[in-house]
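For reference, TrEMBL has these:
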type     : residues  : note
TRANSMEM : B:56-77   : transmembrane segment
DOMAIN   : B:93-143  : domain 'NADH-Ubiquinone oxidoreductase (complex I) chain 5 N-terminal'
TRANSMEM : B:142-169 : transmembrane segment
DOMAIN   : B:159-448 : domain 'NADH:quinone oxidoreductase/Mrp antiporter transmembrane'
TRANSMEM : B:205-226 : transmembrane segment
TRANSMEM : B:238-258 : transmembrane segment
TRANSMEM : B:270-289 : transmembrane segment
TRANSMEM : B:301-319 : transmembrane segment
TRANSMEM : B:339-361 : transmembrane segment
TRANSMEM : B:396-416 : transmembrane segment
TRANSMEM : B:436-457 : transmembrane segment
TRANSMEM : B:478-503 : transmembrane segment
TRANSMEM : B:523-544 : transmembrane segment
TRANSMEM : B:626-646 : transmembrane segment
């Protein structure tokens, strides 16, 4: 029997993870012991402070990695530009891309937390149900709402989800990756069902998300088992070795790759696994949708990149054709279905499906820095950059959605948005800006992001996918223009929408989203550089 | 084709007045920023003041840009011919690893001419708009958009790489969209704006793919590098690049098959039609092809495609112009046709490039002149655009009439007027290259004579057919002075050809042409063109001038007229080939989607009533179908993987 060896934990490098997890646990304690009246402010401040502390950790680790003494400090240096370190017995890897993704996730988590804490829009209460246990339409619910109750458990839930998201792309074996997948998903299922308004829709979305998520996790787990059967190890490096050396049993490996990718493609909302996206995005409280849309995509694509580049990188010719087809399918389904949507949140959901397709296009690019020709960027760099641009514009767009309201809460029907340009030029203008960014108009971040993923895919010879991608972006542009036309050119129906005046929290989120979208379009250099400095995954 | 060497773009550094190049763009951009940001923020009183000085601020910004362009033009004249390419590095747009994209400007003989056209004609149209838009409550925004357009157009023609050009390209598209739909209370205007945007996006596929191909092939989009190494790329790549750029040009310049948006775009205010949809933006396609000469010279296939597209368009536009009763749409058809001439010349290679640009400039003058004239007429006729309601206006609007007549004589190619020189040269070159194309161009000239005479006769001659209560009057001076200046330019624009000045001026950019021997002497070509035009004019006189014009368009007309009235079925063709299949696809997917998705939503909202049992039933069903689709997808993925790799 093998002896148990106490794993070595690199506390400094894991600091951001530990802080987020610690704050989440602390949040549960606060929930149990703090008086109800003090909970909101305690939880909100605790969450934000925890996120800032974690972000500081990411910056410090980044500086240490970039420092000259990194090699002497025992950091693993892979070949080429990869650097970083393995921790906890090789289950977690902290390298350049991990840090970049952590940074992004923490920023999006921070912006999401700001939206969570917004209480100005709905008469002094948050967007979450007063008491989730009270059945909709009962006296208990009415009482909870008249007493102005608030669910403050959402903050620890947010932090738990964020912890899972951060662990996801840092996982270095299949088991850790699966655990991370579940950690990030479970709190999100709960959060989706906590809307204050339209509770049935919200609960329905949560249940649906949960059932389908559980189903897809099953696929992932089965795939992991098959790959273990093939490679004799869960660890990515060992799988890579096995893939490189062993040709026997490749059927098992292929089925394993297929099932693993089903689990991941479900999380990013790629076709044909996109069916849940519109329902869940629409039903979930808008702050949750905003956080989930940005965070889950970043985390899941990070994990997908690591799995496919590190573990299955040697076998790329077997999985790339499948990814070609899925990327094309995803872009077309997302863009075409979005056209007929009549609800702004569903429309954004389908547009996020289309964006998934664009990011998958980037995934098809050349991976190793050494293989690059002059003037090209690596596909990892392109995808990381695209994730950043996508996250900021999506968070911003959903934050704007939460402002447009009528007596029933948020007015998400597109017809209710007609004439918004007259009602509130600023809100309509900012939303139009986000839409133009998603459409990829130059001088917005979306343009540079699309250019990056398209050119890496072209450089890798995936030109048919790029042709479809450009076609899909034309179709998508049409639907964004449709919304802009509705806001500016159409006459308002009835009283027209009202724009609620947000507190500084939502306003900050929108402002940061818009500023980042503009900056990444005008001067994308620094972030592209940062993505380049992030280097490659260590193997 | 036996061309000599293709010139390489190799700019020197900007010195003296040329170092102010960036300011040409910055001035209108700042104007746009002040008007678009300041306007909505200003309080009621400040707004009142701003409404007065805002339009003049916009004019001033463009005016200074024009003066700068003029100063730079003379500075450039002072340089030796080899040193007339000047570059300026503004900032690095993005830089990642070895990928480097700079915001670099290139000022050379070609962009110098464009600068003069854009800022010069742009300034006149700004001034004209002060009068034209005087009573519009949202005029600050109008002038803001107009300045934005000028800035974007300047970026387009000054950028030193294709990515910057694309930035300007999208910028002018956006400004065009905003200005076509400016009168948003009109449903037709909003629809036209959307149509223009969407069709232009199709063209943009071409440009964005071309940019991506350039990145993949050359690792850069700089004119400098590509012009030096273009010949080393494979023929397939070059053909693809040429055709993609042509697609882009078709979208922006309203060439067949992407022509359908231009006539609808006339919904915009008339100064917009004059500036964007006649003089500058729509000629961007011609600029693109001339600028990419280092690509087209290596791909005869794409050049042939350009010539074919151009020939079809010049006839297509001319035929449309014959049947339209809306004065602006008739002029728009004519614009389409004239741009066809420019594209034709550009497709003919170094022999044609200078004449393409020459015709572009003269067309910029006389077409802007006539559009503004049409605006002046509409101004006096209570915004009626139907020429059947005009007639006999020459005595009521003498200045408009006289200036319009100058534009008319220029466009039909009346000897010694500007259009005479430029069109004559194009037809002559086309005849030398290919007889069929040359004859088509000649025929186009005849039709031009016909429809322009028709327009003149219906508007300014004949009997009064006015709506009751309309009192035509001459426009204020702020509108007529720009008309007079443009009329003078329409007459005198031909001086650029004296001693083949423009050919020599552009030669360092477009390359030295080896002129093939023309089949007949140039003077005979000229006489032939004049004769054909005279036939067209005479036909118009006999068919329209001598008869009474009914106030209502006759319904019993020949098939040809019906076809031309409905834009030669351009919309119908688009509808059948693109819209219907697209809608079918979307509907099909929606039905599929609705079965699974919308039903749940509706079910969900019905259940808000409180029947949780219903909810559960609805929910179960649909999650099951989602899960089924998930399972099906997973099976497909796995089977596909196995099939591809083991099969």
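In case you wondered, yes, glycine gets a Cβ from its N, Cα and C as well.
Automatic, uncurated: that is what TrEMBL annotation is.
Owing to the predicted nature of the structure, the values given are computational and were not obtained by experimental measurement.
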#### Entry: Recorded stretch, among B:396-416, B:436-457, B:523-544, maximising Cβ pairs under 8 Å relative to the transmembrane segment (B:478-503)
B:396-416
### Query
List, by number or range, the same-chain residues at least 6 past the transmembrane segment (B:436-457) whose CB is under 8 A from its CB atoms?
307, 311, 314-315, 318-319, 321-322, 327, 330-331, 333-334, 337, 340-341, 344, 387, 404-405, 408, 411-413, 423, 426-427, 430, 528-529, 532-537, 539-541, 543-545
### Query
Which bits of the chain, at least 6 residues beyond where the transmembrane segment (B:301-319) starts or stops, bring a Cβ under 8 A of a Cβ in it?
238-239, 241-243, 245-246, 249-250, 254-256, 259, 289, 295, 333-344, 346-349, 434, 437, 440-441, 443-444, 447-448, 451, 564, 568
### Message
Mean pLDDT for the domain 'NADH-Ubiquinone oxidoreductase (complex I) chain 5 N-terminal' (B:93-143), rounded to an integer?
### Response
86
### Query
Which one of these stretches, B:238-258, B:396-416, B:626-646, has the most C-beta pairs shorter than 8 Å to the transmembrane segment (B:270-289)?
B:238-258
